Amino acid sequence: ISPVPPYSREQPIFTTRAHVFQIDPSTKKNWVPASKQAVTVSYFYDSTRNSYRIISVDGAKVIINSTITPNMTFTKTSQKFGQWADSRANTVFGLGFPSEQQLSKFAEKFQEVKEAAKLARDRSQEKIETSSNHSQESGRETPSSTRASSVNGTDDEKASHGGSAEAQLKSENDKLKIALAQSSCNVKKWETELQTLRESNARLTTALQESAASIEHWKKQFSACKEENDQLRSKIEELEEQCNEINKEKERNAQLSRRLQELETELQDKELELEELRKQGEIIPQLMSECESVSQQLQDAENKNKDLEEKVRTLRTEVEESKHRQTNLKTELKNFLDVLDGKIDELHDFRQGLSKLGVDN
């Protein structure tokens with residue numbers, strides 16, 4: 001339901017798009033998004049009331065309905081975000097714009113509308129003061145003229161001033177009639193405006209009731225959608241579980257496929273080995289005959305080896321005996337050499353003795 005009925009005299013004077021936020025009423029610090037996406041935000045001018053409003057509607061929901069007063073201030077808090085406080089709505093509105101240029105345009109328009117609202121308020125105060133001054137002057141002049149007509153004096157003075165007092169009273173009466181007529185016109189005008197306001201309030205009440213009915217309807221639809229959403233979420237979770245199982249099954253199948261390929265490769269290798277063994281099996285008889293001949297040769301070699309071992313043992317025995325005899329010979333030779341050395345010494349002594357005898361002779 002639009003906050004600007006078709007029968008209203010309000011007209012949009014500036015329109016833009018922005019993301020709408022409201023201050024969190026509990027913390028007074030955090031921003032709560034009032035719209036899920038960028039919505040239209042417009043300045044409206046009411047020519048009958050000479051007032052300005054900022055209005056924004058998201059679908060069927062009115063998210064901004066703020067009447068601009070001269071005391072309001074629009075503050076830029078960042079390059080793309082601005083805010084203002086509305087004491088009547090007891091909240092703070094925030095707007096997020098797509099660009100800094102759009103924020104600047106909105107802020108300039110806010111200042112213009114604020115100045116216009118201030119000018120309209122000053123004019124209305126001047127009119128009220130003027131009308132009150134006229135009524136006060138009329139009230140003061142009437143008693144003064146009455147007092148002028150009853151001033152103590154002689155009969156001659158009364159006769160001389162009678163005509164001028166009557167003329168002055170007549171002019172004062174004319175002024176009072178004009179003021180009364182103006183007051184009557186103002187009263188009628190205010191009654192007309194009051195009636196218009198009453199009709200507007202009645203229409204707004206009807207619209208509010210319709211809005212409440214629509215809200216209840218939308219609440220029911222929201223509950224139904226929420227239940228459907230919960231069901232869809234549960235189905236999605238089931239499908240995700242099934243998808244996970246399918247993925248696991250695919251992974252197992254992939255592993256089995258890889259294992260099957262490995263087994264096929266191993267089978268091919270085994271077949272090749274079997275083929276080699278078959279080829280080798282064909283030459284087994286020949287190998288067996290060769291093996292028998294080799295075995296016979298090995299037997300002959302073993303027999304020869306036994307004979308050679310017997311000969312080696314015999315030779316070892318003879319070597320041991322020869323070593324023993326050689327040892328005995330060495331011992332006898334040493335003894336002989338010792339005896340020979342003794343004999344040589346004796347001969348040497350004997351020779352020396354002979355030599356001495358020959359010298360003596």
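Each residue, glycine too, has its Cβ placed from N, Cα and C.
In TrEMBL this protein carries:
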type	residues	note
COILED	180-325	coiled coil
COMPBIAS	130-153	compositional bias 'Polar residues'
DOMAIN	5-117	domain 'WH1'
REGION	121-170	region 'Disordered'
Tally the residues of the domain 'WH1' (5-117) by DSSP class, grouping H, G and I as helix, E and B as strand, and everything else as coil.
18 helix, 53 strand, 42 coil
Roughly where does the domain 'WH1' (5-117) sit in mean pLDDT, to the nearest integer?
88
